[in-house]
Amino acid sequence: MTDFVFPLLAQAAPAAQNAAEAGVDPGSIWRVVIIVAYLLLLLALGLGAGRLFTGSSEDYLLASHSIGPFLLLMSLFGTTMTGFALVGSSGEAYAYGVGIYGLLASSSGIVHSLCFFVLGVKLWGWGKKYGYTTQAGFFRDRLDSRNIGLVLVPILVGLVIPYLLVGVIAGGKAIEGATAGDFPQLFESTKGAIPAWLTELVVCGVVLTYVFAGGMRGTAWANAFQTCLFMILGVVAFYIIATKMAESAVEAGRVQYASGPNEGELRTEPPEGFFDSLRIVSSEIPRAKRVRAEVSDDADLIGTVEAPAVFRKREGLDPWQFATYLLIPFSVGMFPHLFQHWLTAKSAATFKLPVVVHPTFIAIVWVPCVLIGAWATTGLVDLPPPFIFDEVQIEAKRDALIAEGMTPAAADAAVAELGPEGSANKVLGYMVSKLSGKILGGFLLAGVLAAIMSSLDSQFLCIGTMFTKDLVEYYAPAGKYTDRQTVVMSRGFIILIVAVTYVLSLLMGDSTRVFPLGIWCFSGFASLFPIIFLAVYWRGLTKWGAYAGILAAAGTWAAMFYAADFAANADYYLYLPIPGYRTVQLMPVTGMFLASALATVIVSLVTPKPSAATLAKFFPEKV
């Protein structure tokens, strides 16, 4: 591991010296070196896990059911904490405020653990007993349906691709935002920032390498390492950013004594510890929020707050919309990569630690990211364009494009990079870079990449598993393919999907916000939750009911995704008029979830049940 990392660090000093002579900040070189060193360490870890590979497909795909409580916790948490949780949440908090935490993070902690307990333990037991490696394998046995994989697998792969895009785009934009202006001679087109396409290519290559070498064991080891890294560095970044911004607030004369003999007077002493810093910076959020909402009659208020210009008028969130947001975390019940991680557990008792600790871990990650995004709106840190922008000019540009014949949706996409919605993905990277310094920023950015890559690896592996186990191997004559051939085919399909994802990231990266894309992806998986839940707990579920539910979920998701301009329209909702009350606003997942659940139940009630032997296999009579 050290054979290539230490030589790299040894070469960094002369490289930094040469950079200084060429007009490049040596700190920028050190930051890149730190990130590259981290990626090399990750590769070494994956290659080390590969030395324990037994050569069997079960070991490659499920680590021979040998994962203990700590590794399972790290794998499950690392897999669910994607670029959506870090880059997406901070960007969305920058654009819409801290309320984003209440929409998803607070409910996710409870719902995720509930799914681990209610679904994970039972599916692990059946998987170990009957040898399942994928969801389609379970459904085939449970429903007496040989061909259900032909319907389910393409839909799952289709939903995983946007999930992959969330991570790939988040990584590229985070590094681009963090390195803005660092290398003007190398990357003129991005104003000196490392371009997103380069970071995305490197991330895909590194993850592919250690997944290929170590399989599920390498993925679990890498997840544990990366999860520990991004949690520790995330807390460090949170502390540094809060402290620096609080000091700026005091120096700018924006802090008053809250109590004591000097109450109401301007404060001159620096912050007294972390919690004092947290209070000072967070107190700036409401004032900046009122400025963005265009409460411009209050001259005194405007004179005391230098916040970014208004970009979206704040309106109260419909309680029905908030309530239906709670359906989205149920997506974890149908994540194919999470299903595969459940099956790696050594025993049912292994699930105890993840069920108990997972909610706390979610808070540790989400709270800092959401607050950092909200703090970016306070005016305590200098934000360059396009973070600071002129909305009048943006609106004029949009109107001009429409006048030239462009559709409103296309015009919105064309001006997306000019305003906060286009720059939201870069907020976290910029804040970390701006407030932590070059070298420490390198470590913190490595932590951001760790969070993003800790989910990509599991998704890559599950895609290969579904292709080989559910499509190729299942329909081939017995014994046609050896274990080694199965592994090779799995790797080949993974390369194909990653290539497709990378091309899509190049086409969509500039106009796609990570958070809305993630919401649409999770909504699709959540709409399939009724099927897996009923398969585990309802004897009456039939294969035709499952087919109906899968097709209803996929059909409604595709129709709504198209209607929302492929996630470009962030204001796409369902509207339900309630007689005698009012028209309520619902999240799109509501329609998908209900369509899937109703189709599954209604069709199951009127179609033949599975055989008595199948029901006895999964629902044995209690003695």
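Think of each number as a place in line: the chain as shown, counted from 1.
Cβ atoms here come from the backbone N, Cα and C positions, even for glycine.
Unlike curated entries, TrEMBL annotations are predicted automatically.
Annotation source TrEMBL lists transmembrane segment at 29-48 (among others).
The transmembrane segment annotation in TrEMBL covers 60-87 (among others).
Residues or ranges marked as transmembrane segment by TrEMBL: 93-119 (among others).
Under the heading transmembrane segment, TrEMBL lists 148-172 (among others).
Within its own chain, the transmembrane segment (192-213) is flanked in space by residues 32, 39, 42-43, 45-47, 49-50, 53, 167-169, 171-177, 179-184, 186, 219, 222, 449, 452-453, 456-457, 460-461, 491, 494-495, 498, 501-502, 505-506, 509, which lie at least six positions past its ends and keep a Cβ under 8 Å from the stretch. The transmembrane segment feature in TrEMBL is assigned to 192-213 (among others).
Among the features that TrEMBL reports, transmembrane segment is placed at 322-343 (among others).
The transmembrane segment annotation in TrEMBL covers 355-376 (among others).
The feature transmembrane segment is assigned by TrEMBL to 439-467 (among others). Within its own chain, the transmembrane segment (439-467) has Cβ neighbours under 8 Å at 27, 30-35, 38-39, 42, 61, 75, 78-83, 85-87, 133-134, 136, 153, 156-157, 160, 163-164, 167-168, 170-171, 174-175, 178, 203-204, 206-208, 210-211, 215-216, 218-219, 222-223, 225-227, 229-230, 232-234, 236-237, 240, 336-341, 365, 428-429, 432-433, 489-491, 493-494, 497-498, counting only residues six or more beyond its boundaries.
According to TrEMBL, the feature transmembrane segment maps to 488-508 (among others). Tertiary proximity for the transmembrane segment (488-508) is limited to same-chain residues at least six positions away from its ends with a CB under 8 Å from its CB atoms, namely 57, 60-61, 157, 160-161, 164-165, 168-169, 172, 196-197, 200-201, 204, 208, 211-212, 460-461, 463-465, 467-468, 472, 481.
Among the features that TrEMBL reports, transmembrane segment is placed at 514-537 (among others). Sequence-distant contacts of the transmembrane segment (514-537) (same chain, at least 6 residues past either end, Cβ-Cβ under 8 Å): 82-84, 87-89, 91-92, 100, 118-119, 122-123, 135, 138-139, 142-143, 155, 159, 162-163, 165-166, 169-170, 173, 327-335, 424-425, 545-546, 549-550, 553-554, 556-557, 561, 564, 567, 570, 587-589, 592-593, 595-597, 600-601, 604.
Sequence-distant contacts of the transmembrane segment (544-564) (same chain, six or more residues past either end, CB-CB distance under 8 Å): 139, 143, 145, 148, 151-152, 155, 158-159, 520, 523-524, 527-528, 530-531, 534-535, 572, 588, 591-592, 595-605, 607-608. Residues or ranges marked as transmembrane segment by TrEMBL: 544-564 (among others).
Among the features that TrEMBL reports, transmembrane segment is placed at 584-607 (among others).
The highest tally of CB pairs under 8 A with the transmembrane segment (584-607), across 93-119, 148-172, 322-343, 355-376, is held by 322-343.
Comparison of 148-172, 322-343, 355-376 by number of C-beta pairs under 8 angstroms to the transmembrane segment (93-119) places 355-376 first.
If you look at the transmembrane segment (148-172), the same-chain residues 6 or more away from its ends with a CB under 8 A from one of its CBs are 82-84, 86-88, 134-137, 139-140, 195-200, 203-204, 334, 336-337, 425, 448-449, 452-453, 455-456, 459-460, 462-463, 466-467, 470-471, 474, 497-498, 500-502, 504-505, 508-509, 512, 514, 517-518, 520-521, 524-525, 528, 543, 546-547, 550-551, 553-554, 557.
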